[in-house]
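Pulled from TrEMBL:
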| type | residues | note |
| --- | --- | --- |
| DOMAIN | 696-754 | domain 'CBS' |
| TRANSMEM | 81-102 | transmembrane segment |
| TRANSMEM | 130-151 | transmembrane segment |
| TRANSMEM | 181-199 | transmembrane segment |
| TRANSMEM | 242-265 | transmembrane segment |
| TRANSMEM | 277-299 | transmembrane segment |
| TRANSMEM | 329-353 | transmembrane segment |
| TRANSMEM | 442-461 | transmembrane segment |
| TRANSMEM | 467-489 | transmembrane segment |
| TRANSMEM | 501-525 | transmembrane segment |
| TRANSMEM | 531-552 | transmembrane segment |
Amino acid sequence: QLTPSSFLRIGQLSNVDLNEDIHELETELPRQRPNEIPHNEKLLSLKYESLDYDNSENQLFLEEERRINHAAFRTVEIKRWVICAMIGILTGLVACFIDIVVENLAGLKYRVVKDNIDKFTAKGGLSFSLLLWATLNASVVMVGSVIVAFIEPVAAGSGIPQIKCYLNGVKIPHVVRLKTLVIKVCGVILSVVGGLAVGKEGPMIHSGSVIAAGISQGRSTSLKRDFKIFEYFRRDTEKRDFVSAGAAAGVSAAFGAPVGGVLFSLEEGASFWNQFLTWRIFFASMISTFTLNSVLSVYHGNAWDLSSPGLINFGRFDSEKMGYTIQEIPIFIFMGVVGGILGALFNALNYWLTMFRIRYIHRPCLQVVEAMLVAAVTATVGFVMIYCSRDCQPIQGSSVAYPLQLFCADGEYNSMATAFFNTPEKSVVNLFHDPPGSYNPMTLGMFTLMYFFLACWTYGLTVSAGVFIPSLLIGAAWGRLFGISLSYLTKGSIWADPGKYALMGAAAQLGGIVRMTLSLTVIMMEATGNVTYGFPIMLVLMTAKIVGDYFVEGLYDMHIQLQSVPFLHWEAPVTSHSLTAREVMSTPVTCLRRIERVGTVVDILSDTSSNHNGFPVVESNPDTTQVAGLRGLILRSQLIVLLKHKVFVERANLNLVQRRLKLKDFRDAYPRFPPIQSIHVSQDERECMIDLSEFMNPSPYTVPQEASLPRVFKLFRALGLRHLVVVDNRNEVVGMVTRKDLARYRLGKEGLEELSLAQT
């Protein structure tokens, strides 16, 4: 399993402390292995575990629930609301922090470069300005990329695929840690300031989720602080519900779209849903938008008028000026088709690029170099485009933040510079709202082409950055181009206002790349503050999704598949009725007896070849030889807590009263249960007996072995299970269905295909 490159590294590191060396190799190996795997997209990785969304209803749990009276349940409910409010407030504050820092740093950078360009335009030597701009970008991005690549690689990208997996029930390592949040926030500030073709909206969703996971647990394992609050919520069920609230709060802070946030959580994320949860999530979203709004309003000096609901503000579209007529609807649908095709092209290019990255750019130092290269290239492309553009517009009456004059006459500015010499958010708003005639069609065409490839190259770099804004920007540029050409064709009739087409193009492009329908329609409606466009936006997004899905899947699903995550979709594959539980299940199953030797338990847990997490408990009949009936199910984490607290008795007097474990002991160990290697069991203790009956879940879900795959899938997905025991007609355990067994089957081009499992 060691590739030659890792042997080289062992050679270089031979004078370092060997333990560190081995540890480093362990973390490196998964990244290097794909060198030898030619087609790693047909694999499912075994390194991802499931979340226990289903509570283990053992005796301890039932006793505790019976002790709780009505008033105590009410306090728990109040605590949930308090946590949701805190999630909203903190997510809003983090968004404010990102926004204010980016605004100041980017403003500083653009002022420095603008002064430099103005100075050198007069006396020649503009190559120095280019060098300054590229160096500034590359150095800022270098810092942003180093912290991600070397400290917390999970913080790379927008984090939406990871959160999607987490809400689907897959435990992605480190995804909701405090460290990830810090790196994410710093990384996104640096990558936006470094002028990459990225937005700061996607990472807000990840940040909100981390905040939610942290607050709801009432402690931080990274800081080793336990605040002794919210202990009731220390289990996967509760944590996952709060994470979906955090994701919604992130969306609503990013776009000022609370309803869109709730729908995003529903559409992209949570596999389990109920009405109370919806209402709480909506509450968190509203609070988050309101917090962001009030803080930014105070910051901008108009404390009472609450004018900036989200990080990206599309500005208002007036219905009077910008209505649409019935004959424009076919045009919008055509734009949707274009968006779907361009989005599919974007995803296909990004797919090959990501495959290349997985195979060859797997060392952190190479990743940093690539990020710096992209930053320098982005600056160079922008500079060359501005330099070659002869598109001059009069300055008065225009709202350009950093007007570059370059070779234009006095009182005019270069219109290409409004697109490139600005943060992407500002460029989007300019494309939506600048009056007709502000842009030359040639300028827009060149900009769309270059920015398309830059954004495609940037997504998947080792920096934390979102893909929302770049795709909106690409779409707005070609949409505006489309509108201008329409008004040329119709000899300037009134309805061809380019801003409206820019909005539709932006929706089409974004829908074609990420393939979100419901939530994206609402987000666009809320961000533009205009309900009349709901219908055309919906049509555009539907066509973009249908056309795009014909070619490749959405960007986020593609990245989930490339990381070989066992992701369960809403339904089982259509043609899978022929398969039954007997063909799907894993065998043989490692069972434990109800009263088991400690040594046996330790050996089973230490066995690395079968890294199981759930063990069926069967009746322990010493006299019979056949497999006895199923009595319950116990989890690896529970067994580890039992061994750690030494809950066992010697053979002689089995009725010895042991120290009663409380549910609190299990909660205190959550979420990072110690590995079995760290628990010492002496030779005498190995001979003791351990009674599992009050810790096991006595009523696990089971299916008969004749059940069809769609039926098993529905049960598994709807209840958020982690283990589903397969029994025969005598209630004896014959197999176990886990997430990997169901995610293995996927609809491919030729029909149902089965993926192989890999240890990486």
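From the backbone N, Cα and C atoms, a Cβ is placed for every residue, glycine too.
Caution: TrEMBL annotation is automatic and unverified by curators.
Among the listed stretches 81-102, 181-199, 329-353, the one sharing the most Cβ pairs under 8 Å with the transmembrane segment (277-299) is 81-102. The list of residues near the transmembrane segment (242-265) in space but at least 6 beyond its ends in sequence, with Cβ under 8 angstroms from a Cβ of it, reads 83-84, 87-88, 91-92, 94-95, 163, 166-167, 176, 200-202, 204-213, 215-216, 233, 277-278, 280-282, 284-289, 291-293, 308-313, 468, 516, 518-520, 522-523, 525-527. The recorded stretches the transmembrane segment (329-353) and the transmembrane segment (81-102) do not share 3+ CB pairs below 8 A when only pairs 6 or more apart in sequence are counted, and are therefore not in contact.
Nonlocal intrachain contacts for the transmembrane segment (181-199), taken as residues 6+ away from its ends with a CB within less than 8 angstroms of a stretch CB, comprise 94, 97-98, 101-102, 105-106, 109, 133, 136-138, 140-141, 143-145, 147-148, 151-152, 155-156, 159, 206-207, 210-211, 214, 312, 374-375, 378-379, 382, 423-425, 451, 454-455, 458-459, 461, 463-470, 472-473. Within its own chain, the transmembrane segment (81-102) has Cβ neighbours under 8 Å at 181, 185, 188-189, 192-193, 200, 204, 207-208, 211-212, 215-216, 230, 233, 242, 245-246, 249-250, 253-254, 280-281, 283-292, 295-296, 299, 311, 423, counting only residues six or more beyond its boundaries. Cβ atoms under 8 Å from those of the transmembrane segment (467-489) belong to residues 158, 197-202, 254, 312, 331, 335, 338-339, 342-343, 346, 419, 424-425, 427-428, 431-432, 436, 439, 441, 444-445, 447-448, 451-452, 454-455, 458-459, 496-510, 513-514, 555 of the same chain, restricted to positions at least 6 beyond its ends. Across the domain 'CBS' (696-754), mean pLDDT in this model comes to 87. Across the domain 'CBS' (696-754), the DSSP tally of helix, strand and coil residues reads 16 helix, 25 strand, 18 coil.
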